[in-house]
């Protein structure tokens with residue numbers, strides 16, 4: 001009742017190697033893009049203007065962002081750990097294409113557990129007498145890559161005695177995933193503490209130089225594994241978040257980078273000319289990024305929004321309706337999408353959502369192994385995530401890399417949801 005195993009597929013899943021390589025090749029571009037957005041106050045202000053009128057959570061994050069900018073940023077080292085998620089869309093002609101679902105800029109999880117998954121699948125294949133196939137599974141260790149980024153930020157902060165603080169939820173089901181990253185840091189003699197928002201509120205303070213102390217310990221890096229959905233906050237937690245943002249400590253992510261990961265920003269990026277403005281002079285990077293975009297549509301008030309809303313109501317199976325939320329299990333499909341859109345089609349509330357083309361991947365058969373679930377073969381689809389890590393000091397990019405991958409697989413009857421949401425399970429790509 002206390003612990004059970006992380007869910008996984010019995011067998012690794014086939015992934016087209018060309019698309020796998022494409023996803024890796026574009027990750028450094030996405031790191032640069034997220035970082036550029038986080039530094040562009042005008043872009044965030046303009047893009048989120050309609051959303052913050054109707055979405056209180058995004059509005060509160062945005063207010064903290066503006067307050068910190070007005071006071072002047074105390075933070076000079078910036079650490080980004082993100083995960084860009086893709087599906088393989090089998091278009092009209094059946095050729096699979098890599099299409100981005102979203103980019104997660106806060107608490108991107110499973111870098112730890114997925115570091116262990118290839119070994120499990122290697123073992124299964126050997127037991128099945130497939131040692132040749134087992135030898136073809138790629139090694140994958142995102143927890144090491146994530147820890148390298150955190151360690152670099154800690155080092156640049158410049159205080160040997162300062163600690164790394166994992167900001168965690170009250171009840172942490174996914175603790176072992178975090179422990180993998182934590183142990184990598186301890187192995188480098190970097191002290192790690194685990195605290196909740198409540199601890200920061202009760203025991204956190206800033207000195208005159210805006211150094212952050214929690215429980216008497218100086219904090220060099222704050223690594224958020226919580227704080228991405230409204231239910232993570234009460235009044236005290238909002239105050240704790242403001243205290244953290246005002247500090248000199250390296251936040252992963254700082255609040256501007258969290259805002260860069262909103263669905264509204266994702267939709268704005270697909271508009272012609274936007275990428276060029278954010279990444280001037282980087283034509284090749286822009287082309288690589290744009291090649292991964294699925295159709296994204298704005299529901300802002302006005303003719304364009306009216307038109308796309310009407311199209312989606314008429315043909316809901318073509319689209320996914322996405323609110324500004326992280327953590328899986330929030331998207332709307334089919335009949336539910338139609339009902340919600342009909343209800344909000346004439347109200348400004350619709351601007352808190354974006355519409356996206358529904359991606360149609362090719363299903364494959366696999367067994368999903370979950371505690372207390374019946375064992376049966378299911379038709380499954382997979383989602384590939386690539387972890388990205390970057391560190392910037394002032395204006396200089398000190399580190400920018402892809403740090404490993406995550407494959408999650410779910411039965412096709414589940415439209416939405418990640419591993420933590422109890423729908424998808426951990427998997428390993430078998431390149432074909």
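Just so you know, glycine gets a Cβ as well, placed from its N, Cα and C.
What TrEMBL says about a protein is an automatic prediction, not a curated fact.
Fair warning: this is a prediction, and the values are worked out from it, not measured in the lab.
Sequence annotations record features per position, and here TrEMBL assigns substrate binding site to 83, 106-109, 172-174, 178, 225-228, 408, 419-420. Shown in sequence order, 6, 7, 109, 110, 408, 425, 426 are the residues of the chain, 6+ apart in sequence, with a C-beta less than 8 angstroms from the C-beta of residue 419 (substrate binding site).
According to TrEMBL, the feature Mg(2+) binding site maps to 102, 104, 326.
Sequence annotations record features per position, and here TrEMBL assigns ATP binding site to 102, 263, 322-331, 333, 356-359, 383, 410, 416.
For 162-260, the entry in TrEMBL reads domain 'Glutathione synthase substrate-binding'.
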Measuring Cα to Cα, tell me the gap between residue 102 (Mg(2+) binding site) and residue 83 (substrate binding site) in whole angstrom.
8
Between residue 410 (ATP binding site) and residue 178 (substrate binding site), how far is it from one CA atom to the other, in Å?
23
If you average per-residue pLDDT over the domain 'Glutathione synthase substrate-binding' (162-260), what number do you get?
97
Spatial neighbours of residue 358 (ATP binding site) that are distant in sequence (at least 6 apart) but have CB under 8 A:
317, 318, 319, 320, 333
Tell me the Cα distance separating residue 104 (Mg(2+) binding site) from residue 178 (substrate binding site), rounded to the nearest angstrom.
16
